[in-house]
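Quick notes on the structure that follows.
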Amino acid sequence: MRLCIDWGNSRIKAAIFQDEKIVKDYNFSEDEALTGIVGLMETHKPKAVILSAVANYPPELKMLLQDHAKLIILNSNTSLPIMNAYHSPDTLGADRLALAVAANHLFPQYDNLVISLGTAITYNFLPKNRAFRGGNITPGMEMRFKALHEFTDKLPLVAQQGDLVLLGYDTETSIRSGVMMGIAAEIDGMINFYKEQYPTLNVTLTGGNAPLFADKIKNQIAHDSQLLLKGLDVILRHNVR
Ligand SMILES: Nc1ncnc2c1ncn2[C@@H]1O[C@H](COP(=O)(O)OP(=O)(O)O)[C@@H](O)[C@H]1O
Ligand SMILES: CC(C)(COP(=O)(O)O)[C@@H](O)C(=O)NCCC(=O)O
């Protein structure tokens, strides 16, 4: 049994892997995560654990994990099955590397673009020569709704749920459409920019908000909600043989 943990800025995701397959997955809020991980360590007793964190985690987490298993904390020094050509490897989000590893593992014959729709939206490009190049970082869906509310005097905080039409007919539907249709158009536009240079690009959509957008994208894409956790397991197996 192996445990992979993705400590994101909004949610903490974890999965137990056995024989290269996810046997159980978890999705915690920050408040639930430590207790949740204690519980799953006791239940599954993984021999090896990998942690990718782009947000601060409780210091006791590291102790808890390394006391019971071989622990890899993913960073720029971790041995990977891909190369890293990012100019600032020390400031690169570990989650972005794990996504690139997963895409290359699943689709090694392609230039891969992974689009992650989480707290932020990231575009992560790995050509088939396996040297991670970087991509783009832009505000995520909730951040866009919150920004319109917080940086204006009059705009309300609009929820994603509700009537979604291209032509907003009041303040609420105009904001929802601007944010949601805007993200969908942005994703297609970015894919098209990349495809001008890499015509056989393989695109995978992931992240907590991907289900909201997968059917709104005109380009052909794969949707894999577990891509990051799969990438972490590939890295863990690469390091613990
Ligand atoms: N079980 C869930 N509980 C709460 N939010 C969820 C859940 N599943 C998906 N989401 C959505 O996913 C978003 C977080 O996406 P995620 O990729 O986990 O972000 P991050 O990696 O930045 O923490 C939340 O903002 C929320 O809209
Ligand atoms: C861009 C991110 C905030 C995305 O995090 P997420 O939305 O998945 O929580 C994270 O990958 C990060 O902190 N990156 C550091 C900057 C960089 O990758 O260059």
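The backbone N, Cα and C atoms fix where each Cβ goes, glycine too.
All TrEMBL annotations are machine predictions without curation.
G8 (ATP binding site) carries neither a helix nor a strand DSSP state and counts as coil. Its Cβ placed at the centre, G8 (ATP binding site) has 21 other Cβ atoms within 10 Å. The ATP binding site feature in TrEMBL is assigned to D6, W7, G8, N9, S10, R11, I12, K13, T119.
Annotated substrate binding site per TrEMBL: Y86, G93, A94, D95, R96, T171, in sequence order. Listed in sequence order, the residues of the same chain lying 6 or more apart from Y86 (substrate binding site) and placing their CB within less than 8 Å of its CB are L92, F132, R133, G134. DSSP assigns Y86 (substrate binding site) to coil in the three-state reduction, outside any helix or strand.
According to DSSP, D95 (substrate binding site) sits within a helical segment. All chains included, 28 other C-beta atoms sit within 10 angstroms of the C-beta of D95 (substrate binding site). The active site, proton acceptor annotation in TrEMBL covers D95.
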For this session: Please state how far apart, in Å and to a whole number, the two most distant Cα atoms are among D6, W7, G8, N9, S10, R11, I12, K13, T119, the recorded ATP-binding residues.
Result: 13
Exercise. Between D6 (ATP binding site) and R96 (substrate binding site), how far is it from one CA atom to the other, in Å?
Worked result: 11
Exercise. Does DSSP give T171 (substrate binding site) helix, strand or coil?
Worked result: helix
For this session: Using CB under 6 Å from any atom of ligand 1, narrow the binding-site residues G8, I12, G93 to the ones that qualify.
Result: G8
